[in-house]
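Enquirer: What follows is a structure written as structure tokens; I'll ask about it next.
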């Protein structure tokens, strides 16, 4: 219905509302609206047109950035650490016969230690990869395949990142059995259900720490304890969690952990995988080659990127409390402002077990894409960057049981270390203004105001 | 004569079986490692023991029979496992020869030598 109305307005705009056309439009409007209200006259229509017009609202410059789950800007201190290895110190860290190799190797090993310290691991347990997607692939496929002769079952959840789900799908094609655990309405898994799903055939449980779309934080310590007691390996995709929430692989019984560089203010194109040595986790490497990184990830380690990841890891460990307070403050401010001004705003995912830097809100009776278009000067996303090219509602929101119309109206606010109060206030004000504007245009909103329960309406197939 | 008796008592006979089935019969003393046996007897195994037992190469990879493997007194350590992960033709009963110390009850031990080796130092 919204679409019909939009089309009518577009027509009016194009024809400059010549009398004849306006009549046609008016006719269309009456026929498409089943409500008893009289159709708008062309004068009224033009007034609305002016009121709803946001054509000249665009400000100059680039939009402000509020999509910290997609990627984060690199911390200048990280760049400082990297620069020498992009210029003068260009040796191959695996060269054993000259000083160029040695100096780079020692820098890479220092970075390995920095990453290990962040998650309470031993440096030997860290292998550098190209990012969390690769880490997830190596972990999920590698463990399942290595133990595949005896155990052929893998457990994951429906809200995992696409690369975990796709790795599992690849395993299914190889004859593995995969269980995709459902999640509760708050986005958390049911531990009882997980326990019942683990069998003697299960080799791996893969559950992400913080969800990239709704920010929900799974109880990894309890999952780890359960997996250890059932002697099943536990992999967690911690790309969104590392450096933002305290993690300790030993205290939480985590056997494998995926880490991403560019989500923690580090460079893009680098990540890490933690692989436990005791009790030993073995996996079949995906990539063949020179046997670097314990043979698990052959290929020359990109020294500048690894150094950057190390520096980012150290910074995020040192400033974790500071960052947390700042992100919590901004996130609460944004949420308070929006929810105090607007009714029918739903927060997706659990409000307590969450990382506040990821705030996913559904604005009922507003189409998410329309709101994103209106908020052109704010870089936002309706969900994960990987799937935002499609207009399909997010599978994560569907998994938590969000109604389709609400899933279509969701926006993810990603707040990070460099987000400012002004940015949050600007976004909140803009958001409130445009939600109100779009709702005013929406016939659904009108019906809700009149007290009609939309769920009782039988929409006819046209 | 007691000395000689002691000597024969200390000797352990070992057989290396190549991938093609050839058997190389040799012997070592109690307390020697399997790498020592290969070096002391000039056993012709290409590239075997390149790092001289410093746990950096995985070239002394040997495959044991399950029953023999289970009798070995020590489990492989982390460093050895790291190297074994890099070895070709890895099995559940693989060990590095340099980490296996001969004892009297290993008399007549037969170990298989994989057809290819991987010198992990050549990265």
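Cβ coordinates come from backbone N, Cα and C, glycine included.
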Enquirer: For the pyridoxal 5'-phosphate site that Swiss-Prot assigns to A:132, A:133, A:212, A:260, A:261, A:262, A:300, which of A:158, A:192, A:193, A:240 is also named?
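Expert: Record check against Swiss-Prot: pyridoxal 5'-phosphate site with A:132, A:133, A:212, A:260, A:261, A:262, A:300, extra candidate from A:158, A:192, A:193, A:240 is A:240.
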Enquirer: Please work out which residue of A:133, A:260 has the most C-beta neighbours within 10 angstroms of its C-beta, and give that one of the binding-site residues.
Expert: A:260
Enquirer: At the level of the C-alpha atoms, what whole-angstrom distance separates residue A:133 (pyridoxal 5'-phosphate binding site) and residue A:263 (N6-(pyridoxal phosphate)lysine)?
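Expert: So the alpha carbons of residue A:133 (pyridoxal 5'-phosphate binding site) and residue A:263 (N6-(pyridoxal phosphate)lysine) sit roughly 12 Å from each other.
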Enquirer: Among the recorded positions A:262, A:263, which residue has its Cβ surrounded by the fewest other Cβ atoms within 10 Å?
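Expert: If we count Cβ atoms within 10 Å for the recorded positions A:262, A:263, the smallest count is at A:262.
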Enquirer: Mind computing the max CA-CA distance among A:132, A:133, A:212, A:240, A:260, A:261, A:262, A:300, which the record assigns to pyridoxal 5'-phosphate binding, rounded to whole Å?
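Expert: Those residues reach a largest Cα separation of 29 Å.
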Enquirer: For residue A:300 (pyridoxal 5'-phosphate binding site), what residues in its own chain, 6 or more apart in sequence, show a Cβ-Cβ distance under 8 Å?
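Expert: Residues satisfying the criterion: A:92, A:93, A:94, A:290, A:292.
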